[in-house]
Amino acid sequence: MGETTGFQLGVIGALALSVASSVSIVICNKALMSFLGFPFATTLTSWHLMVTFCTLHVANRFNVFENKPIDMKTVMLFGILNGVSIGFLNLSLGFNSIGFYQMTKLAIIPFTVLLETIFLKKQFSQKIRLSLLVLLLGVGIASITDLQLNLVGSVLSVLAIATTCVGQILTNTIQKRLNVSSTQLLYQSAPFQAAILFVSGPLVDQFLTKQNVFAYKYSPVVLAFIILSCLISVSVNFSTFLVIGKTSPVTYQVLGHLKTCLVLAFGYTLLHDPFTERNIIGILVAIFGMGLYSYFCTHENKKKQLSDLLPQSAQIKEKETTPLLGAKIMGLQDKDSHEVKKSNGLMNKDSIV
């Protein structure tokens, strides 16, 4: 019971850390890109990952966590895949309208459910699927404004969805199958993610923005916001791996849409972004869908725990009853043997007489 409570508190802590850090970094980056004119998102992400790795390296030196060796090929492919998925998401945003990009992000949940059902044989109940549908409907109403399709943008969106889903499923699978923590996996994969984005980031950003990140004039205010963004990113990257490891890729995506709703709300209150009745209705529907998803997940987990406990209790009862039955059988056998001996004794006595 104590272990279950501790696990639940750990999950709640991970979810809270993920929401707080993600909303903070979105607001920070929005100020950096929209108000200060720093448009190099992919390059900034590579700096985030480098700072994350350096922070974890220092923490490892001070024995904050124990480094566990993981197969180099697995870590390298995993890191490169996650780096490529970030690049594809940014390219998708560059080639598509905001509305179609939001559709791309919404498509990650059903595609993840499909992959886990086919390849991992994971079952999603009708109630869970219904709650996800309500959630996606709400986020769609709140965030999708226009849908402009083009071939290149559509292909990039499909690639972004595929790489993101596989990367998040692997984040969960590697942690559980190799018995490594989120910190250990992030520490070993971050250098490869950073490397692929550090090389490709300036090229992607120049292609999308027509500006060179190395020719940009960095003011003290811009540098201060970049440093702040990098520091917040350590918490974002850590909490991402933590949430996916403790829950599932689908739950992480649901959490991501909660962040979208919070960002819309904070954007209206802090940055005075335009906010309509449609945004409010969409956010309320999405929150209702999240509530349903949380309720059904909790209910099904409790049912699973009870079903797991029943066979254990049956085994305990069997162990408790087996010695008593055995003793009774042995007692009966002793009694029978005593009766046989007694009768044999009488027969011998009669034969002597």
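Even glycines carry a Cβ here, placed using N, Cα and C.
The domain 'Sugar phosphate transporter' annotation in TrEMBL covers 21-294.
Listed by sequence, the residues of this chain that lie at least six past the ends of the transmembrane segment (32-54) yet keep a Cβ under 8 A from its Cβ atoms are 83, 86-87, 90, 186-187, 190-191, 193-194, 197-198, 200-202, 204-205, 208-209, 211, 213, 216, 219, 221-222, 225-226, 229-231, 233-234, 236-238. The transmembrane segment annotation in TrEMBL covers 32-54 (among others).
Same-chain residues lying 6 or more positions outside the transmembrane segment (75-93) and placing a CB less than 8 Å from one of its CB atoms are 41-42, 45, 49, 101, 104, 153, 156-157, 159-160, 163-164, 166-167, 170-171, 174, 185, 188-197, 200-201, 204, 208. Under the heading transmembrane segment, TrEMBL lists 75-93 (among others).
TrEMBL lists 127-145 (among others) with the feature transmembrane segment.
Under the heading transmembrane segment, TrEMBL lists 151-173 (among others).
Cβ atoms under 8 Å from those of the transmembrane segment (185-203) belong to residues 40, 42-46, 49-50, 52-53, 56-57, 60, 65, 67, 70, 75-76, 78-80, 82-84, 86-87, 171, 174-175, 212-214, 237-238, 241, 245 of the same chain, restricted to positions at least 6 beyond its ends. Per TrEMBL, the feature transmembrane segment maps to 185-203 (among others).
Annotation comment: TrEMBL describes 223-243 (among others) as transmembrane segment.
What TrEMBL lists as transmembrane segment is 250-268 (among others).
Per TrEMBL, the feature transmembrane segment maps to 280-297 (among others).
Taken together, the residues of the domain 'Sugar phosphate transporter' (21-294) have an average pLDDT of 91.
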